[in-house]
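Feature annotations, courtesy of Swiss-Prot:
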type     : residues : note
TOPO_DOM : 1-37     : topological domain 'Cytoplasmic'
MOD_RES  : Ser8     : phosphoserine
MOD_RES  : Ser11    : phosphoserine
TRANSMEM : 38-58    : transmembrane segment
TOPO_DOM : 59-427   : topological domain 'Extracellular'
CARBOHYD : Asn365   : N-linked glycosylation site
CARBOHYD : Asn392   : N-linked glycosylation site
TRANSMEM : 428-448  : transmembrane segment
TOPO_DOM : 449-512  : topological domain 'Cytoplasmic'
Amino acid sequence: MDLKESPSEGSLQPSSIQIFANTSTLHGIRHIFVYGPLTIRRVLWAVAFVGSLGLLLVESSERVSYYFSYQHVTKVDEVVAQSLVFPAVTLCNLNGFRFSRLTTNDLYHAGELLALLDVNLQIPDPHLADPTVLEALRQKANFKHYKPKQFSMLEFLHRVGHDLKDMMLYCKFKGQECGHQDFTTVFTKYGKCYMFNSGEDGKPLLTTVKGGTGNGLEIMLDIQQDEYLPIWGETEETTFEAGVKVQIHSQSEPPFIQELGFGVAPGFQTFVATQEQRLTYLPPPWGECRSSEMGLDFFPVYSITACRIDCETRYIVENCNCRMVHMPGDAPFCTPEQHKECAEPALGLLAEKDSNYCLCRTPCNLTRYNKELSMVKIPSKTSAKYLEKKFNKSEKYISENILVLDIFFEALNYETIEQKKAYEVAALLGDIGGQMGLFIGASLLTILELFDYIYELIKEKLLDLLGKEEEEGSHDENMSTCDTMPNHSETISHTVNVPLQTALGTLEEIAC
């Protein structure tokens, strides 16, 4: 190893790198930078140190790369609760319009929309209709000398939709009687619907402290198939089913029953055992969720269903200058003509468009309800006569129109599903620190030693550079003061046995 001569004493001293290697806590380098000539031992230590450093860099880069891949893991847990908030329950009759409530004015404006009349306001296929229904329709569709009146889609749906007061035969919540006043009217694509436990209008949310049947909502409904519209054509409003559509959801999200609801058939008692799930997703770059606090144009709380309805509303308003009755906002409601000619085709086009137009990301916090359905036939042979007498209906009518819906928590617990970061900064630092200790015996303080050595080295170089500049300036000044004096340097031949700087000073004095 190179040794440098001491400027003051002329002796050999170790270089700065040798001093650092001898005092540093970095393993191995003291065996590389030692006093004396280059040996095989020093070469082997150098190879071992460089190899260990290379392995450290490879492993550390792999850990850094894994960190920036932003992986996540999912944690599932089940939590027992003392009580649970009962979910909102939205139900809709699959028939959106009661035939008996249709008026001549309704048929004049909306007969084509309902597929009851053609473009000429004529019954298209009278041979497909029941004679009694056909006669009633002909009377309602007699437009001879008729003067049409003003028409409102909101008023039409509210008046013609099924009334829960007429549909409901009985209602119980946790064994206590409830009624139509405990339901809130909402409008969906099915028309006039009803929501239980909405929490709106200042009503407190209902809770339950037990699981199992009898501790939730039990309701008996008459779907009134006699009121279903006759079908001899197909439109977006046409339905071939009989029953109700039901959606179980949280109070913070609007119903999207046409896509997320399940059907309940007449002639059966349907049991719905549900379990609450609380999901937590990660935002970018670990996930794709959107904060629930980031509201939308028409909804204060973000959810996927709210985003879908919000997007559809904006699209219809932009293209048709109106909105459907179930859509929020202050734009005017679409007329039946706008419904048929613009709004319904626009929704069809929107469904066919690239999904990026209505890109609805998952909210970061979401509550949903798992469901398990089972059903039994009603009425039984032994109860048929009793129900006939109680509701003054025939057994056939009961089998075709009456259903019972029983919704309850399977158990008084909820499931949490949470996304967590698979690799955080603390884990990254721990892995890199462990590998530093394994491969080169270094720690954070060792890194500080390296920075301190680099700082001292730079400072020394700068001071040497500044010292040389000052020395050159001083030498030039002394030479200028001696220009007028004779040069005696040639006459001096003796040797001065003093340090180099002292000797130079003496020579300059003699020279001057």
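Quick reminder: no glycine exception, Cβ is built from N, Cα and C everywhere.
Put simply, Asn365 (N-linked glycosylation site) is 49 Å from Asn392 (N-linked glycosylation site) when counted between their Cα atoms.
Annotation note: Asn365 (N-linked glycosylation site) sits in a strand segment as assigned by DSSP. With the fewest other Cβ atoms inside 10 Å of its Cβ, the least crowded of the glycosylation sites Asn365, Asn392 in this structure is Asn392. Computed over the topological domain 'Cytoplasmic' (449-512), the whole-number mean pLDDT of the model equals 60. DSSP assigns Asn392 (N-linked glycosylation site) to coil in the three-state reduction, placing it in neither a helix nor a strand.
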